[in-house]
Amino acid sequence: MPDTSAPSHRPQPPEVDRAAASRAAVAARRARAAVKSQIASGTRSPIEVLDAAGSDPSGPEGTLRVPDFLTSLKAIGATKSAEILQRLEISPVKRLGGLGKHQRARLREFLIERSGTAPGRKRARLTVLAGPTAVGKGTVARHIRENYPDVLLSVSATTRAPRPGEIDGVDYYFVEDAEFDRLIAEHELLEWAKVHNSHRYGTPRGPIERALADGRSVLLEIDLQGARQVRAAMPEAVLVFLAPPSWDELVRRLIGRGTESQEEQHRRLATAKVELASQDEFDARVVNGTVAEAAREVVELMQVRARRPRRAATSSGR
Ligand SMILES: Nc1ncnc2c1ncn2[C@@H]1O[C@H](COP(=O)(O)OP(=O)(O)OP(=O)(O)O)[C@@H](O)[C@H]1O
Ligand SMILES: Nc1nc2c(ncn2[C@@H]2O[C@H](COP(=O)(O)O)[C@@H](O)[C@H]2O)c(=O)[nH]1
């Protein structure tokens with residue numbers, strides 16, 4: 001018979017395991033503290049951290065307690081954080097990676113609202129400019145960058161090679177496949193797509209979220225697949241379709257640009273047909289007759305409209 005009078009001892013991990021566990025706990029605490037100071041200093045946007053938490057609940061962002069996250073935001077102390085948690089129906093013991101779908105959505109909405117309405121800031125807005133190949137998206141976007149300095153034009157990463165005259169960091173970040181893989185794996189892209197079945201293109205997330213948090217207007221010039229991803233991730237974004245005056249003019253612009261082989265031109269025109277058929281998914285349509293006029297219309301849509309009318313008539317008369 002066993003001796004029940006003897007004190008029962010829980011099995012203890014060996015000393016060496018306990019030391020390793022304690023080192024790991026210290027490292028995890030430090031990583032969480034680093035996330036909080038990145039938010040506080042503005043080097044990382046709160047939405048980026050929330051998204052990272054969703055992707056990796058056991059990482060430093062995922063294991064950050066929601067009150068600690070909130071109090072690392074400007075002008076939120078313990079009392080305000082408690083009020084916000086109550087309003088969003090989130091328990092103060094929750095960690096960012098442990099939020100339910102609806103709690104996460106409410107917190108995201110709160111962060112977006114906050115970034116657009118902080119005192120002294122204009123309402124931030126994200127606008128996507130998409131449209132078929134060679135319609136002039138790049139030309140119109142460049143005109144906006146040069147003539148409307150309030151608008152931040154996102155610089156995409158791509159695996160395609162630079163065309164003559166294109167500058168790394170200005171037109172695109174030209175990266176190798178391995179670097180693009182890393183950007184995807186580390187959730188550094190807001191959206192990405194393989195375009196025209198050839199190269200990959202993606203929008204770096206950090207600069208966009210920082211600019212929006214600062215109340216700036218941001219313009220993305222991306223393809224249809226990317227536009228759909230942005231709509232899913234940020235339903236408040238305004239999607240603008242840039243249309244050609246006619247199909248023949250589109251073909252003329254593509255051939256006239258002279259930067260693609262005939263095979264690549266055919267591939268791009270095949271995608272163009274699909275893209276032209278998607279116009280109804282967009283909030284507004286601008287015809288690129290002249291560059292300056294099309295740019296003015298896009299900027300007007302970014303700055304003047306308070307709300308996004310769905311499929312409303314636009315200045316192009318649609
Ligand atoms: N309003 C316009 N009138 C005449 N030509 C234009 C106009 N806008 C752009 N172009 C010309 O059309 C060609 C294609 O323009 P651009 O490269 O900007 O197209 P894009 O939509 O960015 O194409 P892609 O999607 O293939 O990158 C260029 O040679 C450009 O100079
Ligand atoms: N989904 C994304 N599409 C992008 C992005 N940056 C550019 N693009 C689109 O790619 C094609 C081809 O561009 P090109 O410079 O090789 O002619 C064009 O439709 C662009 O709008 C991006 O970040 N994401």
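Backbone N, Cα and C define each Cβ position, glycine as well.
Note that the structure is a prediction, hence the values are computed from the model and not measured.
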Per TrEMBL, the range holding region 'Disordered', considering 1-24, 49-72, 145-168: 1-24
Protein Cβ atoms within 10 Å of Ala134 (ATP binding site), excluding its own: 24
Additional residues around ATP, ordered along the sequence, whose Cβ is within 8 Å of the centroid of Gly131, Pro132, Thr133, Ala134, Val135, Gly136, Lys137, Gly138: Leu242, Pro244, Leu250, Arg253, Asn288
Secondary structure at Lys137 (ATP binding site), reduced by DSSP to three states: helix
Those binding-site residues listed as Gly131, Gly136, Gly138, and which of them has the most Cβ atoms within 10 Å of its own Cβ: Gly131
Sequence-ordered binding-site residues from Pro132, Thr133, Lys137 with Cβ under 6 Å of an atom of ligand 1: Thr133, Lys137
Binding-site residues near ligand 2 among Pro132, Ala134, Val135 (Cβ under 6 Å): none
In the chain carrying Val135 (ATP binding site), residues 6 or more apart in sequence that have Cβ under 8 angstroms from it: Leu242, Ala243, Pro244, Leu250, Arg253, Asn288
